[in-house]
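Engineer: Below are the structure tokens for one structure; questions will follow.
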Amino acid sequence: MSLNVVILAAGKGTRMRSDLPKVLHSVAHKPMVQHVIDTARELNADNINLVYGYGGELLKAKLGEQPLNFVLQAEQLGTGHAVAQAIDHINDEDTVLVLYGDVPLTRKETLEALLAARQPDGVAVLTVHLDNPTGYGRMVREGGKVVGIVEQKDASPEQLKINEINSGIMALPGKRLKAWLGRLENNNAQGEFYLTDVIAMAHADGVAIDTAHPANPIETEGANNRVQLAALERAYQARRAEELMLAGANLRDPARIDIRGDVTVGMDVMIDVNVIFEGTVKLGNNVTIGAGAILIDCDIADNADIKPYSIIEGAKLGDSASAGPFARLRPGAELHKDAHIGNFVEMKKAVLGEGSKAGHLAYLGDAEIGKGVNIGAGTITCNYDGANKHLTVIEDNVFVGSDTQLVAPVVIRKGATLGAGSTVTHEVGENELVITRVKQRHIQGWQRPVKKPK
């Protein structure tokens with residue numbers, strides 16, 4: 001039996017006040033609909049159909065490289081009409097799971113429970129009990145069994161008292177669903193074809209209707225405006241912060257962290273406030289992350305220390321390495337064990353060897369730097385000639401004085417010393433001292449220029 005997912009994503013989202021389709025608005029730096037697609041993939045869905053309307057070209061541009069069936073709903077005539085647009089992609093033997101592109105926080109485990117609750121050839125609906133169910137469709141039961149769903153605008157005063165609401169998420173048998181969709185009518189207050197009407201049809205046909213419930217109602221909430229979108233963002237971040245703490249991270253303030261990707265942590269990790277994670281980030285044991293740091297697609301080994309306001313992107317830090325404050329590691333940068341870069345040091349496609357240090361104010365690009373090297377303040381590897389990048393090699397135990405320019409391609413051999421203010425353009429031999437600065441001159445009685453009157 002195949003799992004066939006239908007994601008409803010045709011709404012314009014007028015209340016967002018945006019040219020962007022509602023489902024492309026982001027939670028954790030990812031479109032809401034992408035969260036839904038990713039969850040469907042976690043369920044090993046055999047087929048995913050995305051029913052779209054407004055902004056179809058934008059949706060395809062953003063999502064089109066994925067294996068999806070894009071299905072147009074030219075007119076928004078209700079949820080039942082939307083699902084019916086995907087009927088050509090549904091086989092009789094399929095289990096059809098209906099999801100919503102603006103409901104991004106539904107967990108895989110919740111959907112697994114929903115699918116498990118569905119009896120063979122039966123229907124299962126994800127429902128929630130709310131203290132204030134206003135605005136939602138109500139689950140109508142008789143003798144404890146579901147017999148139908150009534151929308152808010154069509155509900156009687158007695159039905160409005162029901163606090164079990166329909167989330168809209170449901171699992172249905174493919175063959176029966178296709179038959180029910182063909183029988184839908186729009187004689188209701190909205191003049192729409194409701195998917196929820198198939199529940200009454202299922203009851204009339206003697207089909208078993210079961211329910212499942214999320215651990216938290218936030219899993220079924222969508223976003224119709226930016227206030228609700230912000231609430232989803234906070235809920236998502238709270239969930240991810242809890243996951244990190246349970247995995248061994250100590251968060252200085254769980255409400256002040258921003259996780260926009262996949263973060264794995266070792267034991268006794270310390271994360272200060274306002275840290276941002278993007279992409280895939282791995283933190284080893286006893287790692288410390290200072291306030292305001294940004295980590296993107298990086299691998300941080302045990303005991304490493306990232307000080308406040310550093311940006312680490314596409315980089316690796318070895319055991320007990322440290323960076324910052326205000327350091328920037330760009331893609332291809334790597335600090336080996338016990339290496340250190342300080343404030344306002346930038347590295348790109350550069351390796352800093354074990355125990356080497358660049359304390360402050362340096363640019364190290366396209367460089368291979370050995371062990372025990374000292375990089376003085378103001379050092380620059382001049383790696384670009386206007387057309388191509390070139391490599392600088394600094395071997396072990398080299399001392400580079402402050403304000404030194406290394407014009408690549410160039411090699412500095414073991415134990416060499418470069419005097420402050422030098423511009424090095426040729427290879428330096430082992431244990432050599434190189435000084436290239438101009439000889440100091442003294443001019444007595446020097447008169448400074450005088451400003452001319454305006």
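Note that Cβ sites are derived from N, Cα and C of the backbone, with glycine treated the same way.
Since we're looking at a predicted model, the values are computed, not measured.
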Engineer: Based on Swiss-Prot, name the residue from Ala416, Ala420 that is recorded for the same acetyl-CoA site as Ala377, Asn383, Tyr384, Ser402, Arg437.
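Structural biologist: Matched candidate out of Ala416, Ala420, per Swiss-Prot for acetyl-CoA with Ala377, Asn383, Tyr384, Ser402, Arg437: Ala420.
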Engineer: Cβ atoms within 10 Å, counted per site: which of Leu8, Ala377, Ala420 has the most, among these binding-site residues?
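Structural biologist: Of the binding-site residues Leu8, Ala377, Ala420, the most buried by Cβ count within 10 Å is Leu8.
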Engineer: Tell me the coarse DSSP state (helix, strand, coil) of Arg437 (acetyl-CoA binding site).
Structural biologist: coil
Engineer: Within 10 angstroms of the C-beta of Asn374 (UDP-N-acetyl-alpha-D-glucosamine binding site), what count of other C-beta atoms is obtained when all protein chains are considered?
Structural biologist: 16
Engineer: Kindly state the mean pLDDT of the region 'Linker' (227-247) in the predicted structure.
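Structural biologist: Its mean pLDDT is 98.
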Engineer: Which one of the binding-site residues (Asn224, Asn383, Ser402) has its C-beta surrounded by the most other C-beta atoms within 10 angstroms?
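Structural biologist: Selected residue: Asn383.
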Engineer: Which of the three DSSP-derived classes (helix, strand, coil) applies to Asp102 (Mg(2+) binding site)?
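Structural biologist: In the DSSP reduction, Asp102 (Mg(2+) binding site) maps to coil.
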